[in-house]
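Heads up: the structure comes next, in structure tokens.
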Amino acid sequence: MMDRVFYTKGHGTSNDFVILPDPDGELELTPALVAALCDRRRGIGGDGVLRVVRAAKHPSSVELAADAEWFMDYWNSDGSIAEMCGNGVRVFARYLVENGLATPGPAGLPVATRAGIMHAVVQGDIISVRMTTPRVYAASTATVGALTVPGIAVDCGNPHLVCGLHDGVALGGLDLTTAPVVDKALFGAGVNVEFVEPAGDLEGRDRHVTMRVHERGSGETMSCGTGALAVGAVALREAGLTSGSVAVDVLGGRLVITCDDEGAWWLAGPAVLVASGEVDVAALAL
Ligand SMILES: N[C@@H](CCC[C@H](N)C(=O)O)C(=O)O
């Protein structure tokens, strides 16, 4: 059993992560340890954990090692594993670059995830990630208290349900302290649920919306990159556009989703590292 573990804390639009450097895949990471690290009172606090491990050293990424040196081993704060985390990739890329572990090339910095390889481009404070193409695939609903809202299921490597609010329902009034009720047959592995309302016109953007999200495995968070991608895909589709850019305001700031003329989907926003230190693993259990 490890006694002490090094960590860095970082966030992207306040979606916050405990980053664990583990280049050779030696950490005994368990759901209980992840949940203890993410505990906001007894641990460091975070919406999830990003383990930084060489792709060649982790069974989930060994096949991607020829094309990406590093694997983002992402865990939700409840100790469950997810395929992908958009803000996580942005923060992960910031960590690699600031620690001299990688240098972005002309095609960006490849990061292996359980949903495949993403490419991150660093431009000062902003980190953009080329994401997988979002797949809009079904109509469904989400129920919050007495309110049932129609939604559209979108696969972004991980599952999402995008629900547009209508009829004067205020986004700020939703109680997301518990998970929205969804169709368990459609979302057998759980789902991240985004609630969206239109925001005012914004110069340079085709659409501008405000979003709140209840994340599978983490509860309501201040931001979700794959959630913003799902929302951006639905917004462009509803506008009849095959390319364009959508500003998605979240509780923690602004993300921008772009589908370029080549059909590539991008997630952009700030990503920062705020602290580093050592955790006493035994004390986490007390
Ligand atoms: N916040 C993330 C998504 C993290 C994973 C999600 N909770 C899931 O279980 O699919 C993002 O920025 O995309």
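Note: Cβ is positioned from N, Cα and C throughout, glycine not excepted.
Features of the protein shown, as given by TrEMBL:
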| type | residues | note |
| --- | --- | --- |
| ACT_SITE | C85 | active site, proton donor |
| ACT_SITE | C85 | active site |
| ACT_SITE | C224 | active site, proton acceptor |
| BINDING | N15, N76, G86, N87, N158, N192, E215, R216, G225, T226 | substrate binding site |
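Of the listed binding-site residues, namely N15, N158, the sparsest CB environment within 10 A is found at N158.
Residues within less than 8 Å, Cβ to Cβ, of G225 (substrate binding site) and separated from it by at least 6 positions along the same chain comprise G12, N15, C85, G86, N87, G88, V89, R90, V129, L255, L267, G269. Residues N15, N76, G86, N87, N158, N192, E215, R216, G225, T226 are recorded as binding substrate; their most distant pair of Cα atoms lies 16 Å apart.
Of the chain residues outside the substrate site list N15, N76, G86, N87, N158, N192, E215, R216, G225, T226, A82, M84, C85, G88, V213, S218, T221, C224, G227 have their Cβ within 8 Å of the site's Cβ mean position.
Residues near E215 (substrate binding site) in space but far in sequence (CB under 8 A, at least 6 apart, same chain), listed by position: D47, N76, N192, T221, C224, G227.
A coil conformation is recorded for the residue listed as 'active site, proton donor' in the three-state DSSP classification, outside any helix or strand.
In the three-state DSSP assignment, the secondary structure recorded for N15 (substrate binding site) is strand. Other Cβ atoms within 10 Å of the Cβ of G86 (substrate binding site) number 28 in total over all chains.
Following the DSSP three-state reduction, the secondary structure of G225 (substrate binding site) is helix. Within the set of active-site residues (C85, C224), the lowest number of other Cβ atoms found within 10 Å of a Cβ is recorded at C85.
According to its DSSP assignment, E215 (substrate binding site) is in a strand.
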